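Chemist: After the structure tokens below, expect a handful of questions from me.
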Amino acid sequence: MIIFWKGENDLSENFDRIRISLASPEQIRSWSSGEVKKPETINYRTLRPEKEGLFCEKIFGPVKDWECHCGKYKRVRHKGIVCDRCGVEVTTSKVRRERMGHIELAAPVCHIWYLKGIPSRMGLLLDMSPKVLEKVIYFVSYIVLDPGDTPLLKKQLLNEREYRENRDRYGEAFKAGIGAEAVKSLLYEVELDKMSSDLKEEIATTTGQRKSRAIKRLEVVESFRLSGNDPMWMILDVLPVIPPDLRPMVQLDGGRFATSDLNDLYRRVINRNNRLKRLLDLGAPDIIVRNEKRMLQEAVDALVDNGRRGRPVTGPGNRPLKSLSDMLKGKQGRFRQNLLGKRVDYSGRSVIVVGPNLKMHQCGLPKEMALELFKPFVMKKLVDKAIASNIKSAKKMVERGREEVWDILDDVIKEHPVLLNRAPTLHRLGIQAFEPVLVEGRALQLHPLVCTAYNADFDGDQMAVHVPLSAEAQTEARLLMLASNNILNPKDGKPVVTPTQDMVIGLYYLTFISAEAFSKENPRAFSSTDEARMAFELGQIDLHEKIRVKMSVPQKTGREILKSHEAQTFLEEIVDTSVGRIIFNDAIPTSLGFYNEIIDKKKLGNIVYECYRLEGNARTADMLDSLKSLGYEFSTRAGITVGVTDFETPLAKYDILQEADQEVEAIERDYEVGLITDEERHAQVVEIWNQATDDVTEVLKNSLSEDNPVYMMATSGARGNFQQIRQLAGMRGLMADPSGKIIDLPIKANFREGLTVLEYFISTHGARKGLADTALRTADSGYLTRRLVDVSQDVIVREDDCESVEGIWVGRIMEGSQLIEPLHQRIIGRVSVDTVIHPDTGEILVEENQMIDDDIGYEIERAGIEKVKIRSVLTCKTRHGVCKKCYGRNLATGYNVEIGEAVGILAAQSIGEPGTQLTMRTFHTGGVAGDDITRGLPRVEELFEVRKPKGQAVVVEVNGKVRFGENKGRREVEVLGENGEVLGTYPVHYGSRLKFEEGTEVEIGDALTEGPLNPHDILKTKGLQEVQRYLLQEVQKVYRSQGVDISDKHIEIMIRQMLKKVKIEDPGDTSLLPGAFVDISSFEDENNREIRAGGLPATCSPMLLGITKASLNTDSFLSAASFQETTKVLTEAAIKGKIDHLIGLKENVIIGKLIPAGTGYSAYRETSISEAPESENMVSD
């Protein structure tokens, strides 16, 4: 049952929270419009609903609008009249979607959710095991309700024989019952207040198993006590019947009927109920009545949750029928199928083709599709312009495709953006807005530069089009979603729109000058760039020829301007360059400086980023369009192709192979003599062949000329890399077998020479594994994204500053002597906690609570500062979200984050989207111990779900000295105190590698052996901040190994959500329950309230929950129920009478309200806009 709290005006839209609880029999009757007495559905001759049946018009309302069953009243003028002949109210047929009925049950039945759920709520309340309860409810055993003065015990079970014997012996001196009625009378006797105080006492005085059971029981008792639910309501006397239009029956072509499974299940219940009534009226023997009651119980079970107990009821073809619970569960259930995502009008889909002539903000929309999508707009315009007299004739004109219609359509789509979406939508750039341009044909045209964001190509991909209708929707699409406004990638703040493939090769070719040409002594000279271009157009000079030009040269690079904030300066100089480079520099703003170098993909990315930071969105979009046109033009002119003759195998390859073969032979001889083990032999052979492969690649690289098309493709970053060229013209190298172990027999041939049969066979393992992995990875990555979104969907920027004084220390990341991530990358776009001062000059580099922008970031790094304390979401004090200061810069815009930004979803998408690129499965390193190292996607999942890692390290829980020993054939490590006493003993496998020598000092939380750490151990031994640091570092490690950049703040948001709950250890005088998981903020509130009242506060310990568990433990039951384990979540919520305050996004999507993010955020909704009064003095002469 759901209650809405309404605001002052009585609109159901105006509620701000929603409550779910158990329904009492009176409530069920009050919802109902009448009792369903017959199992009939519709009459097979008249095809009208049967009276008092499951589709009865008297109960549920008329089948046809404004028409009663007998036909006495037809037409809308009789609205509201109840027909005196058939009793049907004259109203719209829509009421058949909302009017409910009910069935009066002849015997009480138990609701299976509360009996069979885990834990069994009924069992905990009555202190009986679910098995025992089941025996009573399904008429196997009697239960003693009141022993009277007999030696029987209350709640003792008696089988049929024992019951008869005791009846014969004691007569009516004791009371016993069977079935749901007996359980109902036991529930009637439950005194919640008394039970609550008894259990609290028991918890205080007992330990171990009894205490934990008492805690579980107390939780259920408190749920009932505080929610006002009566435990007797878990037993049903009345069964609600859902509206008929939600369980429809439709006629198929062949005259047969298709019906919802629910009708079959309801029919079984009604049949059995009516039969039971008849048997009771006839006074049938007890055994027959009991059997009928049991069957009624089973029929209601099947209706509520088919298959929860025993074999499910099946329909035709042995298919289990879908019960009410199944209607809610899973991907096809009500939550995920209809509430969280719906199919929408004003949408279409088609194949995409490239639109190389489009501007960045445009897309090509096929004429037919546009006409259909914008039909209502076109019709209105036709009537407005008096081309058509009314809407009906306008519709005819549109359908016939008359001349005038196309002109109007052109008019209508001007400046009306449409949204393009490509599935799978892995991040927010999977839906962007474009202005439509009408095109012939039936394919959508897509701008080539947005392909990266959509991950689209033109090999048959399809995309969907959606039309934003309202003025607000169009404005949002234009301002926030227009493709030219989405140049940066939200996951790392780098440009996602950079020229690719043909464009890159074109620009590389354009700016290319060979080393030979560049060393030419006295090139031709020109007095201006225009003169040089003229000479080029007249064929006097070549595109790549070195020339000398007098020109006005920008003196600063884009980066220098960004740092100094000064304007660009120019000087007349004579420059050695080429016509190609002059043409290239004409396409980019002068503020970026003059690029006199060969341009590859990486440099293009930098140019786009600098242009965005210096010149803003619009100018960057223009520049990208010019670069696109230039790139395509010159890649066409270059005509760069790949032919088999472009791959020449270097002769030195054969010498390298011969040398390697000799080395391997020597190792094999050592192995045969027994000097080395097989593992050592394998490792050395692999090492030799890897070196040989690298040597061949090096020789190959040097043998390719600079203007070799393949070399140009690889070096420019247009397509391919040297690994692929190595396989085509060098050697394929070593391959792995299906288990991932490297085969020590290399493939010496390349594809140009062709492989032998054995070589081909060896290489098929990898190819097959690659395909299988890709398929598995996609599904796993999608599921990970779904869990991440669910755990973080309610994290929204809610305030300007939470005034937290805490933060986290960050420094550069090194691995050995190699720099992995410099300091500036980690601090740019974050807010500093303290004032940072230059160690040498004493100058203030950044004030406290000031944003660290690009130049301050570089400045701090140059000053030699190693660590900076920054504000972080991990230490943010804002409730249900984060504050602007702790979050910092919004990476998608490069500016400060706005209030109302849904940063949780942004973070989930940023982590989930690259998931498909991560490798799968474990790798066998084939080292000495042959460890299985979990890497890639499974490792990320393991970290976010905080599972116990495979081959985890043993962690010390005390300080002391290490001593090795053995005990019963097991290796042990003992930690000794100062006086030599043993403080802790840790069993260690013989296979694991130890990190410490005997006698070394160890501290709490140190790992004794190699291997990944268990995050729970870190939390226990080293505390909260250390586990946050570890999780962040480990997740980043996996992504970095695949070359994926993700900003720390996204991962921090997830870690914060995982650490949001605490476990109550001792409740003190608060109303909290021991062992309960509570939000940190709720815990603090309760304690503050208790301290103010002079009571004893509660104590807690921090909890680290995996993302699935954290999602299910969210305060919102709607969000949790729509995620997983729907029935379990709803059972719990109903008993507790939970209130959902509709704080997150999912809850609001489910009930159909605006989401509280972006312009739907309350702070923005409550602003009112009024026209400024026109004052007279504003009008001037």
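Glycine is no exception: its Cβ is also placed from the backbone N, Cα and C atoms.
So Swiss-Prot lists these for the protein:
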type    : residues                       : note
BINDING : CYS68, CYS70, CYS83, CYS86     : Zn(2+) 1 binding site
BINDING : ASP457, ASP459, ASP461         : Mg(2+) binding site
BINDING : CYS802, CYS876, CYS883, CYS886 : Zn(2+) 2 binding site
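Let's see these features in context: how buried, what's close, how far.
Modeler: According to DSSP, CYS83 (Zn(2+) 1 binding site) sits in a coil region rather than a helix or strand.
DSSP assigns ASP457 (Mg(2+) binding site) to coil, not to a helix or a strand.
According to DSSP, CYS876 (Zn(2+) 2 binding site) sits in a coil region rather than a helix or strand.
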Chemist: In DSSP terms, helix, strand or coil for CYS886 (Zn(2+) 2 binding site)?
Modeler: helix
Chemist: How many Å lie between the Cα of CYS802 (Zn(2+) 2 binding site) and the Cα of ASP457 (Mg(2+) binding site)?
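Modeler: About 45 Å separates the two Cα atoms.
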Chemist: Going by DSSP, give the three-state secondary structure for CYS802 (Zn(2+) 2 binding site).
Modeler: coil
Chemist: Nearest to CYS886 (Zn(2+) 2 binding site) by Cα, among CYS68, CYS70, ASP457, ASP461 (binding-site residues)?
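Modeler: Going through CYS68, CYS70, ASP457, ASP461 one by one, the Cα closest to that of CYS886 (Zn(2+) 2 binding site) is ASP457.
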Chemist: Mind giving me a neighbour count for CYS70 (Zn(2+) 1 binding site)? Other Cβ atoms within 10 Å of its Cβ, every protein chain shown.
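Modeler: So the number of other Cβ atoms within 10 Å of CYS70 (Zn(2+) 1 binding site) is 14.
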Chemist: Other than CYS68, CYS70, CYS83, CYS86 themselves, what residues in this chain have Cβ atoms within 8 Å of the centroid of the Zn(2+) 1 site's Cβ atoms?
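Modeler: My list of surrounding residues reads GLU57, HIS69, GLY71, LYS72, TYR73, ASP84, ARG85, GLY87, VAL88.
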Chemist: Using the alpha carbons only, what distance in Å do you get between ASP459 (Mg(2+) binding site) and CYS86 (Zn(2+) 1 binding site) once rounded?
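Modeler: Answer for this pair: 63 Å between alpha carbons.
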Chemist: Just to confirm: which same-chain residues, 6+ apart in sequence, have a Cβ under 8 Å from the Cβ of ASP457 (Mg(2+) binding site)?
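Modeler: For ASP457 (Mg(2+) binding site), the qualifying residues are CYS451.
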Chemist: Using the Cβ centroid of ASP457, ASP459, ASP461 as the reference point for the Mg(2+) site, which residues of the same chain not in that list have Cβ within 8 Å?
Modeler: ILE352, ALA456, PHE458, GLY460
Chemist: So of ASP459, ASP461, which of the binding-site residues has the fewest other Cβ atoms within 10 Å around its own Cβ?
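Modeler: Counting other Cβ atoms within 10 Å of each of the binding-site residues ASP459, ASP461 gives the minimum at ASP459.
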Chemist: Using the CB centroid of CYS802, CYS876, CYS883, CYS886 as the Zn(2+) 2 site centre, which other residues of the same chain sit with their CB within 8 A?
Modeler: GLU799, ASP801, SER804, ARG871, VAL873, THR875, LYS877, THR878, VAL882, LYS884, LYS885, TYR887
Chemist: Could you tell me which of these binding-site residues, CYS802, CYS886, has the fewest other Cβ atoms within 10 Å of its Cβ?
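Modeler: Candidates: the binding-site residues CYS802, CYS886. Fewest Cβ atoms within 10 Å: CYS802.
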